[in-house]
Amino acid sequence: MLHILDIVGTAVFAASGALSASRKGMDIIGFCLLAAVTGIGGGTLRDVLLGVQPVSWLMQPGVILLCFGVALVSFFTAHHLESRERVLLWADAVGLAVFCVTGTQHALAAGASPIAAVLMGAVTATFGGIIRDVLCNEKPLILYKEIYVTAAAAGAVVYVTTVPFMPDPRIAEILGLLTAFMARAGGLVASLSLPTYAKRPARPQETGRP
């Protein structure tokens, strides 16, 4: 099931990258680039941090072809969507939920501790989106009040803490997926957010005695 989830997560994140390219009016190369970096960016950083060699997608050319295929389909169909931004946000939520679990699974399989595996799950789920947002000159969601990396970490924690007790690991996968997706969906639907730093007026400079 891990392989299937990896494919689903890659395709959905690639679609979110391609939709970002459509919103910015990019050409087909831009579509392919954003689809690829969004689809494989998080997994690439995870493998590098875990010392996995070679990086997984280098041995699986079908992953890149999947990203390019999604980009091509999006290039010719994205204009039919009434609200590309809304579709982008929900596609991103699905990708985040899938990758936080698969990233955690890959980390555990590589021998990482549970805490490190949770961090790797969050990295896998968010880093591709960060690259996408930076290339599109957008504010990365992870750096502001959006419930984003929090949702990914929550899903990873649920998976790590439940999988040892489940007769079937797929139950833990589903629980982790649902946790991450519902947390992100709560932020989108109910406008839930994290507190942000409130700017305060600068203190007046103290003047020394004459």
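Cβ from N, Cα, C; glycine included.
Just so you know, TrEMBL annotations are computer predictions that nobody has curated.
Among the features that TrEMBL reports, domain 'Glycine transporter' is placed at 4-78, 89-162. Annotation comment: TrEMBL describes 28-45, 57-76, 88-109, 115-135, 147-165, 171-194 as transmembrane segment.
Residue counts of the domain 'Glycine transporter' (4-78) by helix, strand and coil are 65 helix, 0 strand, 10 coil (DSSP-based). Taken residue by residue, the domain 'Glycine transporter' (89-162) breaks down under DSSP into 60 helix, 1 strand, 13 coil.
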